[in-house]
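J.: Per Swiss-Prot, the features are:
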BINDING   CYS68, CYS69, CYS134, CYS163  [4Fe-4S] cluster binding site
COMPBIAS  204-213  compositional bias 'Basic and acidic residues'
REGION    202-225  region 'Disordered'
Amino acid sequence: MQYKLTRVDPNAPNEAYPIGQRELVSDPLLEDQVHKNIYMGKLEEVLNGAINWGRKNSLWPYNFGLSCCYVEMTTAFTAPHDVARFGAEVIRASPRQADFMVIAGTCFIKMAPVIQRLYEQMLEPKWVISMGSCANSGGMYDIYSVVQGVDKFLPVDVYIPGCPPRPEAFLQGLMLLQESIGQERRPLSWVVGDQGIYRAEMPSQKEQRREQRIAVTNLRSPDEV
C-alpha cells in the first residue's frame, strides 16, 4: 500500500463544515483549572520539595547534654509536649544515625573538641541547634574556661534564647528548623566535594516582634512575671 504525505493548510476550507471557522478560544476558567491540576514547572522543584518534606518531618536528634538546658530539652520529649508530632521522637545514641544535634548547656573549652568530633561523625545533611544562653554566647560565664558561643567552632542553624529555655521554646526552635529545611536546595545525589547548599534567609524573630513589644502599654508587675 502506498501512502502520500500532504502538509496541512490551516487556512484551507473545511469540507465537512463549510461554514465553520477555526479559532483559538481563550477560556480563563479552563486555564485556571489546568494550572491548579497540572504541574507546569520543572521536575527538580517537585523532587526538592518532596525530599525536603521528608527531611523536615523525620528529624532524629542526637542524645547528649552539657548542663541544665539538657533537662528542659528532655522534658520536651515527654508525653505532655508530644514531640512526636514533628517526627523528632526517635532519639539516637550514635551521631552517625542522627540528623541534628542540640547543644544544650554550657560548652567548656575541654568539651569543644569532643563536640566538634561528634558533629563531624554525623552524616549529611545535618543541622545544629544552640539551646540556652550559655550555648549561644557563654551566658553569665564570661571566663577563660567557657566558649563564648558554640558558633565559634560549629555552624549553628537555630538559636534558642533563655536560661534555661522552656520546652515550648525548644519546640518553637524545632519548627523554625523545619521551616528552614523546607526552603533548602541540596543536591539530589551523592556529590564528592562541595555540596552547594543554599540555606534560606531566616528573619530575626526579635525584629519581627519589635513593633508588638513597643505597642504594649500595660506592663505586668515583677511579682506576676
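The backbone N, Cα and C atoms fix where each Cβ goes, and this holds for glycine too.
Note that the structure is a prediction, hence the values are computed from the model and not measured.
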J.: Non-local Cβ contacts of CYS134 ([4Fe-4S] cluster binding site) (under 8 Å, 6 or more apart, same chain)?
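T.: For CYS134 ([4Fe-4S] cluster binding site), the qualifying residues are LEU66, SER67, CYS69, GLY105, THR106, CYS107, MET140, TYR141, VAL146, CYS163.
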J.: With the cut-off set at 10 Å between Cβ atoms, which of these binding-site residues ends up with the most neighbours? Options: CYS68, CYS69, CYS163.
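T.: Ranked by Cβ atoms within 10 Å, first place goes to CYS69.
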J.: Residues near the [4Fe-4S] cluster site, CYS68, CYS69, CYS134, CYS163 excluded, by Cβ within 8 Å of the Cβ center?
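T.: What remains near the Cβ centre is SER67, GLU72, ALA104, GLY105, THR106, MET131, GLY132, SER133, ALA135, GLY139, GLY162, PRO164, PRO165.
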J.: Specify the secondary structure state of CYS163 ([4Fe-4S] cluster binding site) as given by DSSP, simplified to three classes.
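T.: Reduced to three states, the DSSP call for CYS163 ([4Fe-4S] cluster binding site) is coil.
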